[in-house]
Amino acid sequence: MAVVNPVLEVDAIRLAFDGVVAVDGVSFTVEPGELFAIIGPNGAGKTSIFNVLSGVYRPQQGSVRFHDQDLIGMRPHRIAALGMARTFQNIELFSHLTVVDNLMLGRHNHMRYGALSAFAWIGRARREELANRSAVEDVIDFLELEQWRRFPVGLLPYGVQKRVELGRALAMEPRLLLLDEPVAGMNVEETEDMARFVLDIREELGVAMVMVEHDMGLVMDLADRVMVMDFGKPIRTGTPREVQEDPDVIRAYLGEQHRTAGGVA
Amino acid sequence: MRGRPELYTSYAQDMAFLNTRPKRVSTGALLVVALLLPFMITDDLLQLLATGYVAAIGAIGLNIVTGYAGQVSLGHAFFLAIGAYTGAALSGDPDGRVIGFGVTSLPVWVLASGLVAALAGVIVAPLAVRLRGLYLAIVTLGLVFLGDHVFREWTELTGGPGVGRPAAVPELLGVRLDKDGAFLTGAQKLYLVMFVLLVIFGVLARNLVRSRVGRAFAAVRDRDLAASVIGVDLTKYKVLAFAISSFYAGVAGALLFVPNGFFDPGSFSLLLSVQYIAMVLIGGAGTISGAIMGALFITLLPRITRELPAVLPFISGDATGTFTVFQLEAVLYGVLLIVFLIVEPRGLFGIWVRVRNYWRTWPFSY
Ligand SMILES: Nc1ncnc2c1ncn2[C@@H]1O[C@H](COP(=O)(O)OP(=O)(O)O)[C@@H](O)[C@H]1O
Ligand SMILES: [Mg+2]
C-alpha cells in the first residue's frame, strides 16, 4: 500500500470549559476518502471535537493537522478556506435566505471579486456569479433540491433543511466534511435518503468525512472506522465490527442505548 | 417566453437586475413619472422631493449596515455631518466667513464627501467588530454626541449654532444647478440631479446586496458562527459594511442641505439618526426600494402634518398652542414605528409585496 498522508491528524487534544472537561486526550487520523465515525452518549464531547477542528474553540493542549497545516489558533474562516466544511447538530442555516443563496454562500471562497466589482456587476463579478451559480445547480441536482430552490430555508421541512445544510457544505467543494448528527430527528424515509447521499458523496466525490451520529445502524453500515467516546475520552477506535464487540464499548455506550431506548438497541 | 413571465431560461436571466417583465414595466413607468414631475408640480414641492431623494441615499446607506449586515447604528447623523461639512468646505467660497476651498464641481465634492465619511467609518468600525446589538447602538450614539460637540465648537468650519454656514455649491460643467437658468428653474435642475444621483446610488446598492458581498453581510447578520465556518471573514465584512454605509451617508450629507442652501450644526443631533432608523424600519429593513419609500415617507410627513391645522382646528399651527403640529409629528414618528414593527415588520416594502401578490393572483385573490 502506497504511503499517503492522512487528511486529518488529531493528536491528544484537550478542551476544558472552566471546570468541565469536554474533550480529553483525543487522537485520531482520517485517511483520504475515509468515512470516520464518532459515537458516544450525549455530552461525550463529540460536538466539541468538531468545534476544535473548525476553529470555533481553541483546545488547551494537543495539535490538529489538516493537509499538513497546523490548525490550532487559526480562525474559522481560514480553516474553511483550506477546505474543511461542516454541518451542525442544530441546523445553522441562514433562514431568511433562499436555498440558492444559502448554497451560493457555501461558494463564498470560490469567488474572489470584491466590493468595487460588486457595485458594477459587470465583467468579473458577473462572470464569477454565473459560474458559481452553475456549480450550485450541480449541488441542487445532486441532493434533489430542485423544488425548493427559491424558498427561504426557514420555511422548509426539517429534513429538507438538513439536506440544504449538507448542500451548503458540499458547495464549498471541501476536502474534509464534518457531519454532526446528520439524521438526528429524521423519520425513516428521510434517514434513508440521507444515508444514500452520504454514500454518494463518498463514491462520486471521494470526499473524506467525519460523522458524529447516534443512529448505530447507520454508523455500522456506512463507516470505515469508528471511535467511541465517553466523558470526553476515547474508549476504542476500530472497524464497526471490532468496536461492536468490545466489552468496554458495550458497557459505556450500548449499555446507555439499552437504558435510554428501553432495551431496543 | 411571453406567456410565462417568471420562467427563467438561463442563470444570466434569473440573476439579471430586473429579472421579470412586470418588474421592468413598473420600474420604467416610475422612471417616466419621476422625470415628468418637475414640469407638473410647484417648485417648493420639488425642493421637498429633492431632499427626499437625498435622504433616500442616506437611508440606503443605513440599511446596508443595519438592515443587511445587522449592525444597529445610531451614529448615522455623525457620518451625514462629516459628509455635509466636507462637501460644504470643499465647494465653499474661499473668501467667505467660514472655511471654503472653492472646488464647486459637484461630482468632485460628492465623491470626496463620501470617501472622507467612509474613512471615518473604517476608523470607527473596529468597535462594531467587538460589540454587538445594544452595546453597538449605544457606542455609535456616543459618536453623535461627540460630533455634535465638535461641530458646535468649531465655528470656523460650521459657523456655530444659530448661525450656520452655506451648504455645498452645486455646479456641473460650469452650470450652477441651484440658480434659475434659461430653460429650467433651480428647483427643477436640483430635483433632476438628485433624482439621477438616487438612481445611480440605488442601482449600485442593489448590485452590491445581490452579490457575494451582500450575501456575506446577510450571513454575518443571521448567524455569525455559520458565516465564519463557511469562510466569511467576520471582521472584514463588518468593517466593509460600516465603510460602505458611511460612504452613502457622506454623499447624502453633502447633498442634503443643497436644496435649502444653508445648514446649522444643530441639525446633526440624535433626532436625525432616529429619523433615518425610522426610514429604514418603516420602509422595511433589508430592501433598497423599502429604504427609498421610507425616506420619502418621512421627508414628506412634516408637510402633511402641516396641512392638518386647517382640517383639525384643535391642532395649533405654531409653537404656542396646547397641541402643536411639532408635537404631533414627534408622536406620529413613535406611533408609526411601533405600528410598523408590530403589524408589518417588513415595512412599506412588505405592504408593497402584499399588494403585488394580490394583483399577481388576481382575480383569484381574496
Ligand atoms: N461552550 C460551552 N461552555 C461550557 N461547556 C460546554 C460548552 N460546549 C460544550 N460544553 C460541555 O462539554 C461537554 C461535551 O459537550 P458536547 O461536545 O456538546 O457533547 P456531544 O456532542 O457529545 O453531545 C458537555 O458536558 C457540555 O456541557
Ligand atoms: Mg453534540
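Placed from the backbone N, Cα and C atoms, the Cβ positions cover glycine too.
Any TrEMBL annotation is an automated prediction that lacks curation.
What TrEMBL lists as transmembrane segment is B:25-41 (among others).
If you look up TrEMBL, you'll see B:47-65 (among others) marked as transmembrane segment.
Look at TrEMBL and you will find B:72-92 (among others) tagged as transmembrane segment. For the transmembrane segment (B:72-92), same-chain residues at least 6 beyond its ends with a Cβ under 8 Å from one of its own Cβ atoms are 58, 61-62, 65-66, 98-105, 108-110, 112-114, 116-117, 120-121, 124, 128, 133-134, 136-138, 140-141, 143-144, 146-147, 151, 157-158, 165-171, 242, 245-246, 249-257, 263, 265, 267-274, 276-277.
Counting only same-chain residues 6+ beyond the ends of the transmembrane segment (B:98-127), those with a CB under 8 A from a CB of the stretch are 75, 78-80, 82-84, 86-92, 136, 139-140, 143, 155-159, 165-166, 168-172, 177, 193, 197, 238-239, 242-251, 253-255. Marked as transmembrane segment by TrEMBL: B:98-127 (among others).
Taken from TrEMBL, the feature transmembrane segment covers B:134-151 (among others).
Per TrEMBL, transmembrane segment is recorded for B:190-209 (among others).
The feature transmembrane segment is assigned by TrEMBL to B:239-257 (among others).
The transmembrane segment annotation in TrEMBL covers B:277-301 (among others). When Cβ-Cβ distances below 8 Å are used as the criterion, the transmembrane segment (B:277-301) is approached by residues 48-49, 51-53, 55-56, 58-60, 62-63, 66-68, 74, 76, 198, 202, 205-206, 209, 218, 329, 332-333, 336-337, 340-341, 346-350, 352 of the same chain, each at least six residues removed from its ends.
Long-range Cβ contacts of the transmembrane segment (B:332-353) within its own chain (Cβ-Cβ under 8 Å, at least 6 residues beyond either end) map to 274-275, 278, 280-285, 287, 289-290, 293-294, 297-298, 301, 305. For B:332-353 (among others), the entry in TrEMBL reads transmembrane segment.
Here the transmembrane segment (B:47-65) has long-range neighbours at 37, 71, 73, 76, 79-80, 187, 190-191, 194-195, 197-198, 201-202, 205, 208-209, 217, 241-242, 244-249, 251-253, 255-256, 258-260, 276-277, 279-280, 283, 285-288, 290-292, 294-296, 298-300, 303, meaning same-chain residues at least 6 beyond its ends whose C-beta is under 8 angstroms from one of its own. For the transmembrane segment (B:25-41), the residues of the chain that approach it from at least six positions outside its boundaries are 18, 49, 184, 187-188, 191-192, 195, 199, judged by C-beta separation under 8 angstroms.
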